[in-house]
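Here is what TrEMBL records for this protein:
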- B:7-25: transmembrane segment (TRANSMEM)
- B:56-79: transmembrane segment (TRANSMEM)
- B:56-249: domain 'ABC transmembrane type-1' (DOMAIN)
- B:91-112: transmembrane segment (TRANSMEM)
- B:132-150: transmembrane segment (TRANSMEM)
- B:185-210: transmembrane segment (TRANSMEM)
- B:230-251: transmembrane segment (TRANSMEM)
Amino acid sequence: MSFLALNNIQKSFGPVQVVQNFNMNIEKGEFISFLGPSGCGKTTVLRMIAGFETPTGGTLYINGKDQRPLKPNQRNIGMVFQAYALFPNMTVYDNVAFGMKVAGAPKAETDSRVKEMLGLIKLDHLADRYPYQMSGGQQQRVALARALAVKPQVLLLDEPLSALDAKIRVSLREEIRAIQRQLGITTVFVTHDQEEALSISDRIVVMNAGKADQIGTPFEIYNTPATRFVASFVGTLNLIEAEVIDPASNCIRIGDQDITLKQSLASYNGGDKVSLALRPEAGSLSEGIKSDTALTGQVVSAHFLGSVIRTRMDVGGNVISFDMFNSPGVTPPVAGETVTLRFMAADLLVIRD
Amino acid sequence: MKGSRIGAWIAVIVGASYFIIPLLGTLEFSLRMRRGVYSIDAYASVFTDPQFRATFGYSMLMALLTIVFGMLLVVPTAYWVRLRVPRMRPIVEFITLLPLVIPAIVIVFGYLRMYNSSSVLPLTGNAMGTNILLVFSYITLSLPYVYRAVDTAMRAIDVRVLTEAAESLGASWTTIMFKCIFPNVMSGVLSGAFITLAIVMGEFTMAALLNRPAFGPYLQLVGANKAYEPSALAVIAFTITWLSMGLLNLISGARRGAPAR
């Protein structure tokens, strides 16, 4: 059995089922991100692991032990909240020491552990400060130290970076990942920010309407999205509607242009509609690019974004975006111009609804 | 601009005069016990009266007990309502407002019927039982103010998240309540406490009809039988109230600059 095993977890609030048959096996020391839009059930799953919500159905094991009969204060789980949740009446030192004091740890052990944790987050010089005297980033680091001080078997992070500004978010997420690696602690991270999830996770669970649409490494999630939802939520993927022409030869038609896919269409019939996904960075107007297929269409717009030029072109009613790297020699296409987008057929993926 | 400033000053002066002139009159009258000269004879008379000391001490003790037991009732209730049954909040608020619309005399007659010496719980049968009943009645009277003060303080902190953070760190319910919640709603607890003190020190109906030696009935007794002492007592009562308010402002002002400890 995996270190953290969630089997057929369900949760309903009245008639509304917010988590449906959620399955997930997490190995010890893994960093897993739950990624999805607001209301997809990711925080509810996290709260069920923490014990703040009771599953309506399914089982939940940590290190082989059934967690369902245990109250939140019996689970030995560290949790970091979006709103920091530091105790305003306590100093940084007292906040970090809280869990150990509650557990009745000897004073010397508590003192040494608190100092170790404050050293880990590099805030040992602020031990006497109160939360209101610190920035959001500092408060969240203290919250992390507090959660880790009790040596939890699992660390849960509930959108811990959402309340911080962009620069702090990037540095803190790297810091969280470094600390997680250093301590080897099993971590579940909830976020709606795909960049965050892609950058720090061992695996990502993309959640949609209470279900896990896809579980995979960041590379798999980004490059081979399993569903239309994953494709649209992760990255800026082009979704192209096409018609199956010949399943045997994997031939499809986009507008009036035929393309042969690398992916098998054996489960389709001629005339079936399929959704295809193509990453904006997969195509290029340049003839020099390595490509084995192309689509021709009219430029709808071209936007200069600094390092790249994002161009939108119309192919048989499908608007496809693609990025060109900016350089002094590049001339951006103009609206109405007919262009040919070249790419590898293997980059054009058939996705489920 | 200048005209509106003058208007504002006139409003302030008129308003202040409305409150200050009667007080000055009372103070001045309380100092005229000795014919022809100002003296503090009325105050000396009040302070040397053993009944003043007895009733004042009794009411202070009752106020202290009311504050302690009232807070033990109100803080967990407000906390529980916010955390577990937020939908019950309007109902609980309505219940806490009832003492404002039900006259004290109705409540005390209810007590006398419910807890008389021939009832199942004969609290009025002895002094200790009646004292307990009096504390309960004071808690009831102060409930509308104390509940609001505590509830407002709770609104300022995220009770749910603090509770969950403490729970995830292994804290029990009592640890959460006394280490994480109480210290962070201390401003509400203190303002509720001072309001309770003011109410208890001046309350007459409950104490008189339960026949307890409280400060309220003493004030009434002195007022009915003496001339200058009631004015001195009024000034003393105002001073106590102002000191309470000043203390409250001092503490809440200090708390704005530093967190609860």
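We count from 1, first residue shown onward.
Cβ coordinates come from backbone N, Cα and C, glycine included.
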Inset, instruction - Establish whether the number of Cβ pairs under 8 Å between the transmembrane segment (B:185-210) and the transmembrane segment (B:56-79) reaches at least three, counting only pairs separated by 6 or more residues. - result: yes
Legend entry - Same-chain residue ranges lying at least 6 outside the transmembrane segment (B:56-79) that approach it to Cβ under 8 Å: 92, 131, 134-135, 138-139, 142-143, 146-147, 150-151, 154, 159, 177, 181-182, 185, 189, 192-193, 196-197, 200-201, 207, 212-216, 218
Inset, instruction - For the transmembrane segment (B:7-25), could you work out the same-chain residues 6 or more beyond its ends whose Cβ comes under 8 Å from its Cβ atoms? - result: 235, 238
